[in-house]
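Remarks on the structure that follows.
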Amino acid sequence: MQHISLYTKGERDYAKITGSTGPLVYPGAHVYIYRLLYAATNEGKDVRLAQWIFMGVYLGTLGLVLGCYRAAKTPPYILPLLILSKRLHSIFLLRLFNDCFAISFLYLAIYLYQRNQWHLGTLFYTTGLNVKMSLLLPLPAIGVLALQALGAREAITVGMIVGQVSIAYGYPFLHKNTPSYFGRAFEFSRQFLYKWTVNWRFVPESTFLSKPFALTLLALHISLLMLFLSTRWNAPSRRPFPKLLKLIFAPREPLDQDAMARRITPRFIMTTILTATIIGMLCARSLHYQFYAYVAWTTPYLLWRAGLHPVLIYAVWGVQEWAWNVYPSTPASSAVVVGCLGVQVFGVWLGTKGEGEQTAVENERGVEAAVEDRMHEKA
């Protein structure tokens with residue numbers, strides 16, 4: 001609210017928007033949302049009304065999550081886990097974090113992608129990205145999905161939507177001081193404090209603050225993305241990942257584009273986007289408690305996609321929930337946080353082996369027929 005107070009007085013230089021909690025470090029859409037909250041809650045003084053608003057955001061997001069789970073044909077025994085998290089309730093109703101809006105827009109995007117609304121979904125995804133840059137994590141997954149579902153030309157359009165909408169949200173601040181806006185709103189060199197970390201408390205502070213540790217996590221992040229890109233996320237194309245990338249520069253749409261698009265099922269979309277998000281959580285330099293907003297509704301789904309027995313799904317979820325409710329974090333709780341994230345990442349990689357064959361709408365004979373039809377059309 002201190003930041004928004006300066007904004008309402010006309011300040012547009014991010015370098016000058018500061019408060020007792022530090023400088024403004026979130027993109028433009030965050031500012032606009034909290035500007036509305038500033039007006040609705042008497043400059044932030046009516047906290048009770050703010051909590052009612054966030055309760056509405058929580059229930060609306062929960063509805064979207066349930067819709068996404070339903071589209072992915074998730075079994076009913078998974079669904080109770082979506083409403084039981086004490087930490088998630090705290091993030092929404094007590095802490096009033098902007099992560100609540102970011103995750104709402106992410107699930108709205110997933111919901112629309114599952115219904116083949118790629119342009120509209122990307123508009124809302126980009127809005128979430130401009131609330132908090134944490135939503136950069138699923139961007140590689142969205143890109144590879146769009147390439148296979150839409151073809152190269154439309155996939156490039158999706159990318160342009162991300163760029164253009166981001167510029168539109170940041171325009172008033174970019175116009176005033178471009179380096180200041182990008183340097184604060186999308187800061188990659190931020191120094192994290194050991195005392196607030198939820199995930200790496202079990203390593204020494206000197207290691208946590210070291211550059212080699214940061215580079216190791218970055219290398220692990222890239223390696224895991226490449227592993228999934230080359231063995232799981234490229235399954236609908238039935239091409240090795242390098243050949244899939246070549247489609248971007250192909251002069252014509254591939255003959256099997258329609259068949260490829262039909263293999264992009266609602267389940268595949270949700271699995272791919274949530275896996276990319278949880279890979280980012282596993283490899284994050286530091287997670288704070290509000291980051292559980294990105295984990296809480298992701299974990300039940302990914303544990304199910306990992307093929308775990310229902311008892312194990314509930315057990316892993318329960319242990320993870322315990323770890324995120326330990327304050328301050330301890331070496332034991334942080335080790336559990338990292339361990340549960342690791343179970344999800346490697347579990348879903350093992351559990352989705354053969355994803356292309358399992359999710360294909362048509363068999364190989366049908367694909368050949370589709371290709372022949374396209375060839376006749378072009379002839």
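Counting begins at 1 with the first residue displayed.
Cβ coordinates come from backbone N, Cα and C, glycine included.
What TrEMBL records for 52-72 (among others) is transmembrane segment. Note on the transmembrane segment (52-72): residues 37, 40-41, 78-79, 82-83, 89, 92-93, 96, 100-101, 103-104, 107-108, 110-111, 114-115, 266-267, 270-271, 297, 301 of its chain, located 6 or more positions outside it, place their CB under 8 angstroms from a CB of the stretch.
Under the heading transmembrane segment, TrEMBL lists 92-113 (among others). Remote same-chain residues near the transmembrane segment (92-113) are listed as 26, 30, 33-34, 50-51, 54-55, 57-58, 60-61, 64-65, 67-68, 71, 120-122, 124-125, 127-129, 131-132, 134-135, 138, 142, 145, 269-270, 273-274, 277, 289-291, 293-294, 297 (criterion: CB distance under 8 Å, separation of at least six residues from the stretch ends).
Here TrEMBL flags 155-174 (among others) as transmembrane segment.
The transmembrane segment annotation in TrEMBL covers 208-229 (among others).
Note on the transmembrane segment (268-289): residues 68-69, 71-72, 87, 90-91, 95, 106, 110, 113-114, 134, 136-142, 144-145, 192-193, 196-200, 208, 213-214, 217-218, 220-221, 224-225, 228, 232-233, 235-236, 295, 298-299, 301-302, 305, 324, 327, 337-338, 341-342, 344-345, 348, 352, 355, 359 of its chain, located 6 or more positions outside it, place their CB under 8 angstroms from a CB of the stretch. For 268-289 (among others), the entry in TrEMBL reads transmembrane segment.
If you look up TrEMBL, you'll see 301-319 (among others) marked as transmembrane segment. Same-chain neighbours of the transmembrane segment (301-319): 69, 72, 74-75, 77-78, 81, 270-271, 274-275, 278, 336, 340, 343-344, 347-348, 350-352, counting only residues six or more beyond its ends whose CB sits under 8 Å from a CB of the stretch.
Residues annotated as transmembrane segment in TrEMBL: 331-350 (among others).
Counting residues 6+ beyond its ends, the transmembrane segment (331-350) has Cβ neighbours under 8 Å at 197-202, 224, 227-228, 231-232, 271, 275, 278-279, 281-282, 287, 295, 298-299, 302-303, 305-308, 316, 319-320, 322-324 in the same chain. Long-range neighbours of the transmembrane segment (208-229) within the same chain, counting only residues 6 or more positions beyond its ends whose Cβ lies under 8 Å from a Cβ of the stretch, are 140, 144, 191-192, 194, 197, 200, 241, 272, 275-276, 279-280, 282-286, 345, 349.
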